[in-house]
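Among the features that Swiss-Prot reports, (2R)-3-phosphoglycerate binding site is placed at ALA98, ASP99, ASN101, ARG115, SER137, HIS138, GLY140, ARG141, ARG196, HIS228, ARG229. For GLY274, GLY298, GLY396, PHE401, the entry in Swiss-Prot reads CDP binding site. Taken from Swiss-Prot, the feature ADP binding site applies to GLY274, GLY298, PHE401. The AMP binding site annotation in Swiss-Prot covers LYS276, LYS280, GLY299, GLY371, GLU402 and rests on similarity to another entry. Annotation source Swiss-Prot lists ATP binding site at LYS280, GLY299, GLY371, GLU402, ASP433, SER434, citing similarity to another entry. As annotated by Swiss-Prot, Mg(2+) binding site applies to ASP433, with the evidence given as similarity to another entry. Here Swiss-Prot flags 1-75 as transit peptide.
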Amino acid sequence: MASATASHTLCGIPATSSSTTNKAIAPSSARFLAKTPLRRLGFAGAAADSLFTNHVATKLRSLKSSSKPIRGVASMAKKSVGDLTAAELKGKKVFVRADLNVPLDDNQNITDDTRIRAAVPTIKHLMANGAKVILSSHLGRPKGVTPKYSLAPLVPRLSELLGIQVVKVEDCIGPEVEKLVASLPEGGVLLLENVRFYKEEEKNEPEFAKKLASLADLYVNDAFGTAHRAHASTEGVTKFLKPSVAGFLLQKELDYLVGAVSNPKRPFAAIVGGSKVSSKIGVIESLLEKCDILLLGGGMIFTFYKAQGLSVGSSLVEEDKLELATSLLEKAKAKGVSLLLPSDVVIADKFAPDANSKIVPASAIPDGWMGLDIGPDSVKTFNDALDTTKTVIWNGPMGVFEFDKFAVGTEAIAKKLADLSGKGVTTIIGGGDSVAAVEKVGVASVMSHISTGGGASLELLEGKVLPGVIALDEADAPVAV
């Protein structure tokens, strides 16, 4: 919860580019920091509004002098594979549910092995402790057995990363699988075929889950990207295998997305972007309960602008969410959260990479033009706000970052977060396009945490219970990190 010392709102967008008065805009919250030029949607520049800038400066000074206590990071109270002793692992058959859903090109070559690499620490830990690893995953959304969704193309890279020859079986249940499991040596790894080749997987049918569980002695879930799904291999198997624990990747996701967000070092800022308010309602409302500063970007800002009575040209607007936008602004104000909307935007005459573009105040978007990125003044204001923080979380681009011309805002935020990370600020990048942005800029490695989840990250930030997590064994006692 934001402190009472931050109860006043930040000045909003001027009615016109030459106005001398501003409407008060309630603070709204953002979840993750964008670091690359904002490519997805544009915002109008604040250059025309000195009052906006002055009000922001006043707010930032108040945050710097705030006496709000700095709090540590608490870990999620789930038992982890690291809590198991060597004796509990040696010689044991361990069913590991990983998320190896990597992209493949037309020739079945892996184009991004991030998820495979993310699964390696847990697998290597089990191998080093003499466990027999039975590795399970899905790939894509097959309708029954579909050769192009086979996990076979993953074997060479997995083997290379693990330093052993991974054995691949043509099914995930049945006599052949049982035979190979029985012959698996300590430290060996057997990769099962795509669990989604069976419709029973996504239906979480108990009999299918029981067959999967019968292969092993204990269960490790390291598939954060599917933890929000109650499937047989993510939730059903836990009813038949004990212990059922979190892998290192899943535990890290929980530590950051639950621990660092619920009990952050302060000031705590959230950056939320993306095209639609409707897709981020839950995240924004949840973050308003926790953050001190909320920075909004992406296409959703135009719904907030219109709700304030501003002209938005042909920019994306969710007409049925105008009242919601107003209520979120009011809620931010009531919670004492400093909500910053872009004061200037980069607009275009069409939605295309070669569109004509210009920078205008957010209050001066002409008819026939659409916002596709935040402007330079907004980037500076956002950066100034971020300079006051100790924890930042970012979810969603600032603009249409698929088009280079409108990626500047997103990329600028990515670079700023990298700079802050080097100064000891906790920086959390939450899935999807935000991850793509920091990777494009080349700063992914310096962030405190980059989430591997898309929908799972959003649901966790919204405060929802993830079936794949709640099903795991509780830790012996809450652990403070």
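Don't overthink the numbers, they just go from 1 along the chain as shown.
Cβ coordinates come from backbone N, Cα and C, glycine included.
Bear in mind that the values here come from a model prediction, so they are computed numbers and not experimental data.
Overlay of Swiss-Prot annotations on the structure.
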{"residue": "ALA98", "record": "(2R)-3-phosphoglycerate binding site", "DSSP (3 states)": "coil"}
{"residue": "GLY140", "record": "(2R)-3-phosphoglycerate binding site", "DSSP (3 states)": "coil"}
{"residue": "ARG196", "record": "(2R)-3-phosphoglycerate binding site", "DSSP (3 states)": "helix"}
{"residue": "ARG229", "record": "(2R)-3-phosphoglycerate binding site", "DSSP (3 states)": "coil"}
{"residue": "GLY274", "record": "CDP binding site", "DSSP (3 states)": "coil"}
{"residue": "LYS280", "record": "AMP binding site", "DSSP (3 states)": "coil"}
{"residue": "GLY299", "record": "AMP binding site", "DSSP (3 states)": "coil"}
{"residue": "GLY371", "record": "AMP binding site", "DSSP (3 states)": "strand"}
{"residue": "GLU402", "record": "AMP binding site", "DSSP (3 states)": "coil"}
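For the binding-site residues ASN101, SER137, the ranking by surrounding Cβ atoms (within 10 Å, all protein chains) places SER137 first. Here the Cα atom of GLY298 (CDP binding site) is found 9 Å from that of GLY371 (AMP binding site).
Remark: of the binding-site residues ARG229, GLY274, PHE401, SER434, the most isolated position is ARG229 (fewest other Cβ atoms within 10 Å of its Cβ). Look at the binding-site residues GLY140, GLY298, GLY299, GLY371, GLY396 and count other Cβ atoms within 10 Å of each Cβ; GLY140 has the fewest. Of all the binding-site residues given, namely ASN101, LYS276, GLY299, GLY371, ASP433, those whose Cα is no farther than the 10 Å limit from the Cα of PHE401 (CDP binding site) are ASP433.
Nearest in space to SER434 (ATP binding site), taking C-alpha to C-alpha distance over the binding-site residues ALA98, ASN101, LYS280, GLY299, GLU402, is GLU402. Of all the binding-site residues listed here (SER137, ARG196, ARG229, LYS280), LYS280 has the Cα closest to the Cα of ASP433 (ATP binding site). Neighbour counts of Cβ atoms within 10 Å were compared for the binding-site residues LYS276, LYS280, and the top value is held by LYS280. Taking the binding-site residues GLU402, ASP433 in turn, the residue surrounded by the fewest other Cβ atoms inside 10 Å of its Cβ turns out to be GLU402. Sorting the binding-site residues ALA98, ARG196 by the number of other Cβ atoms within 10 Å puts ALA98 first.
Taking the Cα atom of each, ARG196 ((2R)-3-phosphoglycerate binding site) and GLY396 (CDP binding site) are about 29 angstrom apart.
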